[in-house]
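Here is the structure we will look at, set down as structure tokens.
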Amino acid sequence: MFMAGVTALHAAALDGKLDTEIYEPGEVPLHCAAKYGHDEVARLLLSRGASVDVAYFHGTPLHIAAVYGKTNVMKVLLEHHADPNKVSEALGTPLVATLNATSDGLAESIALKCVKLLVEARADANSIDPDTPLVVATTHGLTDCIKYLLKAGADPNIPKKCCGAMPIEIAAGHGRRKDVEMLFPSTSPIQTVSEWTVDGILAHAKSKHSKPKV
């Protein structure tokens, strides 16, 4: 017997079991399958009519799979034409969602796999919802993700919305030389930085942080 509000379909999604009677297609179970990495259940739910892009709570099933790093489910959802550019009010785009998830424990190596899947599915590497993936990756110091996003055409000259800082300024502010070196060749000179070199950018950032606050 199932608890109140939990259907056999929910149970199948949570347990990864397909040998359970399916009553009707539903979207909440698809989110459960995405969260727990049950790709076979996700495939079955979609074959029974579940909407691949339905939004529930924080976003679509693709958002949820991206946040939890469930690349196997992401592949299934993308095969069924899930929208990689869908914007969630809470999470932004799936690209931004998976990058932000690293601050909650998702390994960068897993986030990078998610990023690659999304970009290959034509996710917009310059979408500003709320910030670009490159701004987010730089904020979290995700060096491998920064490298991949730049190769995928991410524009390093789009600033962070809240403060107007460019990705290279964010990296320099955290003293991340390697990230500054990667961003430098494709970043336009910033007028407030007198010496436009990697060392000059890092020194400028250091001097800004060392100034006493009034």
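The backbone N, Cα and C atoms fix where each Cβ goes, and this holds for glycine too.
TrEMBL entries are annotated by machine, without manual review.
Record features (TrEMBL):
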REPEAT    25-57  repeat 'ANK'
REPEAT    57-89  repeat 'ANK'
REPEAT    129-161  repeat 'ANK'
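Summarised by DSSP class, the composition of the repeat 'ANK' (57-89) is 16 helix, 2 strand, 15 coil. When DSSP labels each residue, the repeat 'ANK' (129-161) comes out as 16 helix, 0 strand, 17 coil, counted as helix, strand and coil in that order.
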